[in-house]
């Protein structure tokens with residue numbers, strides 16, 4: 001059976017009509033804790049350095065640096081907080097979409113027939129909150145992989161099984 | 001059948017010992033280069049050179065050489081390969097034994113390479129690229145050329161008999177030499193290179209070794225001599241300026257020759273064979289490479305030229321190919337092609353109506369964005385100029401002219417085209433012109449990006465990821481980006497075509 005009908009682009013399934021599902025809201029805590037740890041660590045390290053050092057000039061400089069770090073840390077947290085509502089995903093019959101980002105919003109879609117392999121990852125914090133990261137790899141060299149962070153453990157596992165099924169059926 | 005029997009385990013050519021030895025010496029000396037240079041500098045500074053004739057020096061160096069030679073011989077003796085029942089076997093390792101077997105069906109490509117050492121002793125290296133895993137590395141470093149060719153043929157024919165590579169090529173068909181770059185062409189290519197790039201490269205390198213360089217300059221009292229030479233009185237502004245200008249001039253000449261020589265060394269004796277299923281390229285002066293390019297595995301193709309090259313009728317065609325093995329990832333490029341050759345080759349790889357391109361323009365925002373970024377750069381540059389004499393501010397005129405022309409031509413040359421077969425992207429600037437081609441079914445994933453600046457104008461950029469490079473259509477209407485994504489996804493998901 002061969003057909004060669006003209007394609008009406010407007011009737012194609014659209015990414016815009018996707019009903020995107022937000023990730024688990026506990027993931028925000030993980031993000032904040034992660035960012036916080038980095039900045040608190042840096043500020044703490046500088047405090048220690050100031051305590052050890054006897055150079056007044058350095059002490060002053062480090063103090064201002066700490067101030068800057070605190071402000072930058074708060075701004076980063078704010079950006080992540082604002083961007084959190086953009087972290088959504090959607091699953092269709094043929095592909096999977098993930099959106100994220102605040103300053104730069106990204107919508108990335110990966111067709112199932114391009115999946116190379118799958119992976120579930122759990123960091124220490126994620127385990128405590130019962131969350132997982134589902135990573136889907138394509139053969140894309142310059143990106144083109146998809147990582148849905150902050151999925152509830154059971155959903156991640158179900159999706160993993162579902163996608164594995166699709167990959168196995170493919171061959 | 002071939003004159004060589006690969007069914008019995010065989011070693012490399014005995015000359016392989018030399019290659020293995022050479023490679024390990026090269027690696028070690030590269031590793032300790034900085035350390036030894038530092039030691040040497042220490043000695044030079046302390047005034048008393050090391051006494052190389054001392055027996056303990058000679059003995060220790062001899063011991064090291066003997067050790068490496070010993071290792072090389074052992075490696076050689078423990079390296080065996082053979083073919084049995086559609087499998088290629090390789091055994092290697094002195095203490096940690098390794099045995100690799102590759103089914104013919106998994107062989108993607110076979111490369112023949114030759115570095116300087118291998119050229120001197122007349123052997124070639126053969127490496128096998130496999131699909132599916134990026135850990136195994138199969139390289140036989142020393143084979144005689146006929147033997148390597150026979151093995152390559154056997155491996156590739158074997159792979160084809162399995163019916164798993166898509167090549168429809170009949171191995172009996174005569175291969176046609178499509179293109180051979182003459183010395184004159186290479187010289188022209190070298191001259192018309194973008195020397196600014198080499199300039200920046202060399203400049204960065206000099207900045208990197210600035211400290212050491214400074215010591216050197218101080219030692220030879222370069223500045224003093226220069227002043228005497230030009231009979232300049234003191235540290236006047238003029239002297240400094242002349243000094244810097246001379247340095248700049250020297251640097252420019254050096255970068256000119258640098259890009260020239262690089263072009264020559266990389267593309268010496270560039271030959272392109274045309275086959276039914278792709279191309280075979282061989283080139284290189286010191287490192288001779290011979291690589292096959294299969295149409296079905298090409299990901300992106302780029303045609304590039306610059307103003308000067310265009311006037312001379314010189315175009316460059318570069319390919320990226322999907323590789324299972326990242327280490328073996330190579331960029332293929334053919335320089336010195338003329339316009340009709342480019343057209344013919346593109347026609348071979350993209351046969352379905354590339355001549356019917358519909359050139360869509362990105363939003364004018366691309367110009368604003370470029371101007372904004374350039375203004376910021378100009379501002380930073382001007383902060384620097386502020387500390388120099390007022391005449392230097394005149395440089396701004398040149399900068400402004402360049403920015404204006406570059407931005408104008410960038411917009412003029414930028415276009416995109418999407419149809420059910422290909423994604424084409426044009427671009428460039430004042431000097432360069434580039435166009436990129438990607439087959440739609442090579443898409444791995446699509447990504448719509450929108451910055452907060454784009455959001456206000458309802459614009460977005462669309463990136464199409466392939467198995468090697470990605471292509472980005474910049475600054476188009478968001479709705480259009482979504483439509484193109486829908487279209488590409490529809491094509492990829494409905495056709496189920498192989499991307500490799």
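Including glycine, each Cβ sits where the backbone N, Cα and C put it.
Unlike curated records, TrEMBL annotations are generated automatically.
Keep in mind that this is a model prediction, so the values were computed, not measured.
TrEMBL annotations:
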DOMAIN    B:78-154  domain 'YdbS-like PH'
DOMAIN    B:411-488  domain 'YdbS-like PH'
TRANSMEM  B:17-45  transmembrane segment
TRANSMEM  B:57-77  transmembrane segment
TRANSMEM  B:194-211  transmembrane segment
TRANSMEM  B:237-265  transmembrane segment
TRANSMEM  B:371-388  transmembrane segment
TRANSMEM  B:394-411  transmembrane segment
Write out how many residues of the domain 'YdbS-like PH' (B:411-488) are helix, how many strand and how many coil, based on DSSP. 22 helix, 41 strand, 15 coil
What residues in the same chain, six or more past the boundaries of the transmembrane segment (B:371-388), come closer than 8 Å to it by Cβ-Cβ distance? 395-396, 399-400, 403, 407
Restricting to the domain 'YdbS-like PH' (B:78-154), what is the model's mean pLDDT? 81
